[in-house]
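According to TrEMBL, the protein has these features:
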ACT_SITE  Asp2  active site
ACT_SITE  Asn50  active site, proton acceptor
BINDING   Asp2, Glu182  Mg(2+) binding site
BINDING   3-7, Arg15, His19, 47-49, Trp51, Arg53, Arg163, 169-171  substrate binding site
Amino acid sequence: MDGNGRWAEKRNLPRSAGHLEGGKAVVKIIRACLSRGIRNLTLYCFSIENWKRPKEETNYLMGLFSSRMKAEIPTAIKEGIKILHLGKREGLPDDVLSAIDEAKEKTKDGKRLTLQLAINYSGIDEIERATEKALRSGMPFSSLSLLDFVDNPEVPSPDFIVRSSGEKRLSGFLLLQSSYAELGFYDNLWPDWDELMIDIIINDFASRKRRFGGI
């Protein structure tokens, strides 16, 4: 979900306008995933490093996360979407935590699409927290897999990780889970993403030959 700010700046609009438009793109992408039978979607909404941005912008984003999450709960229930949070709870405002908890509880029976929202997330932080959980479990190292201790271990590792805006790096996204994920980088800024982009991505993924270390 990269490029909201640049989308706004290209149009001489405030960065907040880009984030608002990016929220509309989220709705389009979720609908496209539902209609195409995609079962799992993770959106990288806000990294731990994003707190370095101006306070005015981070405050706006937190308010946007809280309000949009609560507003979309009825639709998520109707459409069979299960909402999960991915990331560190510590440091998030109370209203965002409340929205996350309400969304998780009210959509827990969703079966069509599992939607992970990575908010206050860093792959390194998730690995550190998973390691701490594993050590506290008391299980012998020989039987441990850190993947059993990530934030949402029931969610499968991704098949395809895609990034908007032309940036060609993972920026700490799902570091532990991405070992065999295919990668796709697309120039479109996030607010310009729509159903057509999902079709492009599906066709791109279908053209890949996945070997998982074999021949």
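Positions of Cβ are set from backbone N, Cα and C atoms, glycine also.
Note that TrEMBL annotation is computational and uncurated.
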Inter-residue Cα distance where the pair is Gly5 (substrate binding site) and the residue listed as 'active site, proton acceptor', in Å: 13
Binding-site residues listed as Trp7, Trp51, least Cβ neighbours within 10 Å: Trp51
Inter-residue C-alpha distance, Trp7 (substrate binding site) and Glu182 (Mg(2+) binding site) (nearest angstrom): 26
Cβ neighbours within the same chain of Asp2 (active site) - under 8 Å, at least six residues apart: Arg163, Ser164, Ser165, Glu167, Leu189, Trp190
Chain-internal residues near Gly5 (substrate binding site), provided their CB is under 8 angstroms and they sit 6+ positions away: Arg15, Gly18, His19
Cα-Cα distance linking Glu182 (Mg(2+) binding site) and Leu170 (substrate binding site), given in Å to the nearest integer: 12
Residue among binding-site residues Gly3, Ile48, Trp51 with Cα closest to the Cα of Glu182 (Mg(2+) binding site): Gly3
